Amino acid sequence: MTTTWCLILALVASLAAALPQPQEVKEPKTASNEAMLIPMEVCYDGLGCFSTGGNFYDLVQRPLQLLPQSPERIGPTYALYTRRSIISGQSLVYGDKSSVEKSNFDASRPTKIIIHGFLENGSEDWVNDMKKALLLHGDYNVIQLDWSRGNQLPYTQATANTRVIGAMIAQMIVWLEAEFGASRTSFHLLGHSLGAHVSGYAGERLPGLARITGMDPAGPYFEGTHPEVRLDPTDANFVDAIHTDGDSLLSSAKLEGGFGMMEPAGHVDFYPNGGKKQPDCKQNPIISIIINGIVEGSKWAVACDHLRVLPLMTSTVMHYQGDYKAYPCDSYENFKAGRCATCGSTGCAFMGMRADEWRPPTGTSGVRMFLDTTGSEPFDIHHYAVSVSISDVSDAKKQYGDLYLILESETGERSSELTVFSKEYMYPGDRRTALMTSPDSVFNLARITVSWKHRWVLAILTQRLRINRIEIFEGLTEKRSLFCARDVSIDSGKSITLGRSNAC
């Protein structure tokens, strides 16, 4: 049985398990608890009322509706870490002023709240790694939220509980403002999966909240829903989302996909490697368990793409100056074809920690940005848009094969051999564009080495490719370099070196 089918069956079992679950809530005002297809409502002191009606009533995207459990039943905890208490967390308790007074919480410092997702807890390895990275980066209050009493099976109950957790976070921030002089304009919520939507529910109650980062926001029960139901740009002054496991399991016609969503959720949405599948995420489950242990190894074997966003986000903190630059584009296909090399009027943004440096035109939201990454930390890779003009001289012939470049900078740095395109037809007079990536930091180009290899099956004679010119746009530096080949003929398997030119 494939991993995808296992995930689908687990989710279906979760939905089925929802049917007999008792609700630890007050009696709904509008309908019986026995009819989950009929809108219900429950109210909690200090938090307000929660209904399964209105925009939450969606029989297509949310076929089974449950009411959120009580704040007492869910019982979230807040563990504070600062540069003065990196190892041991200090418990912050809503309404207990002494818990804050005895802690190292400093209202004058920015505050980061890390919010985990489904079936996890606030002490997960990735949470601790992110906390450490943040504290190395800046003098923050870092709060690890644990809502593991409310995120267990069935999934439908966990999705319902996200609304109460979000409301409780908002309640906590308002209390810190009133009692200790904190300001929501310095709070940044970082939520993974269901935690991304928890962040949204908190933000909608906190006008002026500084920032929300949605790390692969959960797809099932959220993809395709009304903005009130999911994370959206109105939830904070700045909302950025990173998508690594798109195509919701429930929304895919082929019963394939992931736990995340492809739908934009922020002012800017980043789609590394297209946002659906991540490099090096097809590891054998046995090897994954051997490397990471039974629990972690099993999680990564099942949900590698969904979890990849976590070390990816942490890497953008640890390697703050890394090349996580992303480019606005209407599709990943066009991005890979080299058609979105420039930043345009929208501007480019750096995925992750530096995303809030982006300065788009006023009122901009839902901007899709793409970038490629490697499959291991620190994940960053450099992007080059390449334009190749095939000669149209009389003896030029159609060719089929691979084209390669080696880049060399003005100061002598050289890249490894990079593939421009593979198994492509090259017709006389063609101008081909492609995106090329390199792990090597080679900028301010002075020379390039060009080679190619034919892939004709029955070719006997030496195959030659004529090239007129090659233009390269460096993504990080935004510098354009021109290399004139002047219709030179290159034998298959051979190479030539070209110097940069001002004009051809």
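Quick reminder: no glycine exception, Cβ is built from N, Cα and C everywhere.
Automated prediction, rather than curation, is the source of TrEMBL annotations.
For Ser193 (active site, charge relay system), other Cβ atoms within 10 Å of its Cβ number 32. As annotated by TrEMBL, active site, charge relay system applies to Ser193 (among others).
If you look up TrEMBL, you'll see Asp216 (among others) marked as active site, charge relay system. Over all protein chains present, the Cβ of Asp216 (active site, charge relay system) has 31 other Cβ atoms lying within 10 Å.
Sequence-distant neighbours of His306 (active site, charge relay system) (same chain, 6+ residues apart, CB-CB distance under 8 A): Ser193, Asp216, Thr244, Asp245, Gly258, Phe259, Gly260. Per TrEMBL, active site, charge relay system is recorded for His306 (among others).
Long-range neighbours of Arg230 (Ca(2+) binding site) (same chain, six or more residues apart, CB within less than 8 Å of its CB): His197, Gly200, Pro217, Phe222, Glu223, Met261, Glu263, Ala265. Residues or ranges marked as Ca(2+) binding site in TrEMBL: Arg230, Asp232, Asp235.
Averaged across the domain 'Lipase' (41-379), pLDDT for the predicted model comes to 92. Among the features that TrEMBL reports, domain 'Lipase' is placed at 41-379.
Look at TrEMBL and you will find 1-18 tagged as signal peptide.
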Inset, instruction - Find, for the listed binding-site residues Asp232, Asp235, the residue with the lowest Cβ contact count at a 10 Å cut-off, counting only other Cβ atoms. - result: Asp232
Inset, instruction - Taking the recorded Ca(2+) site as Arg230, Asp232, Asp235, identify the other residues of that chain whose CB atom sits within 8 Å of the mean position of the site's CB atoms, giving them in sequence order. - result: His197, Gly200, Gly203, Glu204, Pro227, Glu228, Val229, Leu231, Pro233, Thr234, Val239, Ala265
